[in-house]
Amino acid sequence: MSQQSRAETTVVNPQLGLAGWWRWFWRQLTSMRTALLLLLLLAIAAIPGSLVPQRSADPNGVTAYFADNPELAPVLDSVQLFDVYSSAWFSAIYLLLFVSLIGCVVPRVKFHWDALRSDPPRTPANLTRLPAHEEFTVPGKPEAVIEKAHALLKRQGYRTVRFDESTPTARGAKAATASTRSRLSVSAERGYARETGNLLFHGALVGVLIAVGFGGGAGFAGQRVIYEGQAFTNSLLAYDTFNPGRWFDASSLTPYTVTLDSFNVTYEEQNQDAIGQPLDYTANVTTQLKGEVPQQAEIKVNEPLRFGNTDIYLLGNGYAPQVTVRDPEGTIVFRDTIPFLPQDTNLTSVGVVKVPDGLDEQLGLVGFFYPTVSAGHSGAFFSMYPDLIDPMLTFNVWKGDLGLNEGIPRSVYALDTSGMTKLTGQQTALASLELKPGETVALPEGLGTVTFDGVKRFVSLDVHNDPAQIWVLFFALLSLGSLLFSLFIPRRRVWVAVTQADKSSSTVSIAALARGDDVTLDDRVRELGELIRRA
Amino acid sequence: MTDSLSQFSVLALYSSMAVYAIAFILYTLDLAGIGPARFKLVRIGLSLTWLGFVLQSVATVLRGVAAGRVPWANMYEFAMTGTLMIVLVYLLVNLKWDLKFLGSFVTGLVVLLLGMSATRFYVEVVPLPPALQSYWLVIHVFVASLATGFFALGFALSLAQVLQERRERAVSAAVAKRWAWLSRFPESATLENYAYRLIVVGFVLWTFTLIAGAIWAERAWGRYWGWDVKEVWTFIIWTIYAGYLHARSTRGWRGTRSAVLAMIGFASVLFNFTVVNIFFKGLHAYSGLK
């Protein structure tokens with residue numbers, strides 16, 4: 001019974017089986033048309049990521065976008081427009097594209113493998129039907145002519161095979177007559193490397209995708225700011241920010257220290273159109289692997305330091321004023337070198353000094369640093385040159401609760417003033433504190449004194465490890481190399497057939513067929529004809 | 001010294017623009033079928049294009065000498081070198097095939113871009129910021145400019161192909177004669193072949209640009225790919241031209257449709273060069289404009 005019903009089902013719906021649907025779907029997905037549409041879709045889907053700031057490339061831009069467009073931003077965020085390149089829809093497109101690619105390429109690998117190991121196909125019966133063909137008569141016996149043609153094609157790098165046969169009209173005739181009417185031919189094919197290159201190119205793209213995917217997972221990226229004289233150790237705790245990959249293992253960090261000995265900047269001083277433009281940044285560092293001898297090294301913007309399984313990049317720099325705060329009795333309650341964030345090309349910099357202990361109240365100093373200070377018409381300070389010609393540090397003083405005791409991580413570059421009172425600067429009775437290097441001024445309300453001891457340069461280093469990076473490069477270069485083969489090596493089949501015209505001459509037919517784009521096909525046929533005639 | 005050299009450079013550039021403009025007029029008169037000895041106009045046009053090319057090369061080299069570096073480090077210089085490459089590709093290809101019918105397009109485009117660049121993008125010579133101090137600037141930007149040259153001609157040929165195809169259909173349907181000027185162009189199949197062969201070269205160069213850019217980005221910014229806006233558009237252009245190559249072997253996409261893709265591709269190249277450079281915010285902020 002069940003047997004019968006199953007038979008019935010198959011009779012009624014022969015094509016609607018799951019396998020059938022699957023086959024239909026697979027054929028659609030792996031068709032050239034689908035691949036093309038997915039490619040174009042991918043191009044279109046990439047566009048929004050260039051119109052809207054992306055969290056990966058420009059996180060501050062995203063924050064600003066939310067502030068400027070409070071209504072629109074959450075809507076865009078809900079469709080992942082701030083993370084376009086890791087979004088579900090973008091991923092779906094490229095994954096489908098790669099599935100389509102693999103589905104298209106794998107059967108071709110098998111087919112090409114077979115073609116590589118087999119002879120060119122039998123010479124077609126009627127060569128004049130092919131789009132590129134030529135026919136002419138030359139003196140000489142067919143045997144001699146075909147030998148010459150055969151040798152010519154071989155010399156041109158063709159894979160060749162001889163087919164000697166009776167013409168269709170002579171079929172069945174006796175061997176004696178066949179020799180006069182028989183057709184001698186060479187079937188030749190060249191340019192197998194075109195398909196090899198094409199397959200390799202697509203395979204290499206899959207390689208790039210896989211290597212990129214693994215690279216993100218196995219490595220890490222960390223950032224660390226250090227000022228001149230300061231050292232940092234390659235360990236999780238030492239980094240200001242640290243982004244581990246999914247499979248990152250903290251114990252894989254090579255133990256080493258990097259000390260910033262000095263940071264040298266050269267500025268343009270001659271060219272009137274570029275006064276103060278930085279010409280060179282050089283970080284002189286001492287590196288030391290655990291238990292080994294220290295080494296001197298340099299890091300420049302375009303010359304990262306490859307050291308201890310990591311790449312160390314110089315990505316930013318600025319000034320770090322050294323500040324000392326004393327209580328009214330003159331006891332030091334705070335002494336540190338604090339990196340200030342540059343705000344403009346002349347390095348007007350902003351930073352925060354937080355004094356949590358030792359004074360009657362917690363103290364927050366919001367500082368502005370001007371490497372070469374100047375005052376505008378309004379009296380507001382600005383920096384007119386990025387180098388240290390006439391440095392000045394100003395402070396707005398806040399007292400109250402720094403908010404450090406609530407266990408919430410606070411940025412060292414920002415002061416949360418919600419629980420604080422402003423003592424100097426705008427909207428207060430007192431002017432901001434102004435200090436030149438070496439100067440000490442009193443804090444308001446008899447809180448103590450603050451001293452500007454001097455200023456150092458700091459650098460912001462990016463430390464990366466991406467073990468798959470070299471594989472991305474390998475596959476990218478492989479794809480470029482194989483692309484050359486795939487586009488510039490013509491693949492074609494050529495046939496030369498010779499029959500006897502009269503006692504002393506032969507009729508030669510040449511025909512060629514391109515596989516893929518080959519615009520020079522007619523010329524090649526003509527050239528070959530010319531060579532045979534001259535031979 | 002630097003000042004006078006860059007002034008000579010500007011002078012040479014303006015001279016080349018004037019020469020290109022005359023060449024443009026001659027090429028266009030020829031297309032319009034005006035003038036006593038039409039076939040000679042294009043030849044004079046071609047000679048003038050060579051002259052303009054020499055002048056523009058002088059302008060570019062002087063600018064480089066004045067700056068003490070390669071002359072492609074800001075918008076003004078990108079435009080100068082990029083258009084020089086377009087003219088170079090046009091002239092070189094003309095040694096092999098007769099593409100003089102594109103002269104109008106090439107000289108017209110170059111005069112427009114140079115005019116826009118000289119008036120809107122001009123900046124004085126300034127030294128390279130540390131981020132650009134790399135031999136990759138020489139390689140990456142030069143190859144990108146060269147690719148642009150091939151894509152530009154591919155665009156013109158594809159446009160001609162689409163128009164020619166419509167004309168051929170009209171002619172075979174015995175409709176009234178349209179666009180007589182196209183009769184001096186090759187047939188659409190030939191145009192398509194030319195376009196393909198140039199775009200393929202451009203595509204390889206663009207692939208190289210992309211990879212070279214990634215290698216440089218790794219050295220300068222610590223990552224080889226970060227979806228910076230310029231990276232995004234380089235990728236989009238690459239994908240469009242990859243689409244073009246696939247379209248040529250897809251049934252129903254050969255001919256006009258693939259030609260349209262080639263045109264969209266070059267439009268994106270121009271968009272990438274102008275709008276993205278000037279208005280989009282990103283790491284490739286080297287227009288030199290404030």
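From the backbone N, Cα and C atoms, a Cβ is placed for every residue, glycine too.
Panel annotation: around the transmembrane segment (B:6-29), residues 35, 38, 41-42, 44-46, 48-49, 51-53, 55-56, 58-60, 62-63, 66-67, 80, 87, 100, 103-104, 107-108, 110-111, 114-115, 118, 122, 124-125 of the same chain, lying at least six beyond its termini, place a Cβ under 8 Å from a Cβ of the stretch. Feature annotation from TrEMBL assigns transmembrane segment to B:6-29 (among others).
TrEMBL lists B:41-62 (among others) with the feature transmembrane segment.
Taken from TrEMBL, the feature domain 'Cytochrome c assembly protein' applies to B:72-284. The average pLDDT for the domain 'Cytochrome c assembly protein' (B:72-284) in the predicted structure is 91.
Nonlocal intrachain contacts for the transmembrane segment (B:74-93), taken as residues 6+ away from its ends with a CB within less than 8 angstroms of a stretch CB, comprise 13, 20, 46, 49-50, 52-53, 56-57, 59-60, 63, 99, 102-103, 106, 109-110, 113-114, 116-118, 121-123, 141-142, 145-146, 148-150, 152-153, 198, 273, 277-278, 286-289. The transmembrane segment annotation in TrEMBL covers B:74-93 (among others).
Summarising the annotation, TrEMBL assigns transmembrane segment to B:105-123 (among others). Here the transmembrane segment (B:105-123) has long-range neighbours at 10, 13-14, 16-17, 20-21, 23-24, 27-28, 45, 49, 52, 56, 74-76, 79-80, 82-83, 86-87, 90, 152-153, 156, 287-289, meaning same-chain residues at least 6 beyond its ends whose C-beta is under 8 angstroms from one of its own.
Packing against the transmembrane segment (B:135-160) from elsewhere in the chain are residues 70, 72-73, 78, 81-82, 84-90, 93, 99, 101-102, 105-106, 109, 128, 182, 185, 191-192, 194-195, 198-199, 201-203, 205-206, 208-209, 212-213, 215-216, 219-220, 241, 259-260, 262-263, 265-267, 269, 273: each is 6 or more residues past its ends and has a CB under 8 Å from a CB in it. The transmembrane segment annotation in TrEMBL covers B:135-160 (among others).
Here TrEMBL flags B:194-217 (among others) as transmembrane segment. Residues 89, 93, 97, 99, 134, 136-137, 139-140, 143-144, 146-151, 153-154, 157-158, 161, 186, 223-226, 228, 231, 234-235, 237-238, 241-242, 244-245, 248, 259, 262, 265 of the same chain lie 6 or more positions beyond the ends of the transmembrane segment (B:194-217) yet place their CB under 8 Å from a CB of it.
Listed as Cβ neighbours of the transmembrane segment (B:229-247) (distance under 8 Å, sequence separation of 6 or more from its ends, same chain) are residues 151, 199-200, 202-203, 206-207, 209-210, 213, 217, 253-254, 257-258, 261-262, 264-265, 268-269, 271-272, 276-277, 280-284. The annotation transmembrane segment is assigned in TrEMBL to B:229-247 (among others).
Long-range Cβ contacts of the transmembrane segment (B:259-280) within its own chain (Cβ-Cβ under 8 Å, at least 6 residues beyond either end) map to 75, 78-79, 82, 148, 151-152, 154-155, 158-159, 161-162, 192, 195, 199, 229-230, 233-234, 236-237, 240-241, 243-244, 247, 286-287, 289. The transmembrane segment annotation in TrEMBL covers B:259-280 (among others).
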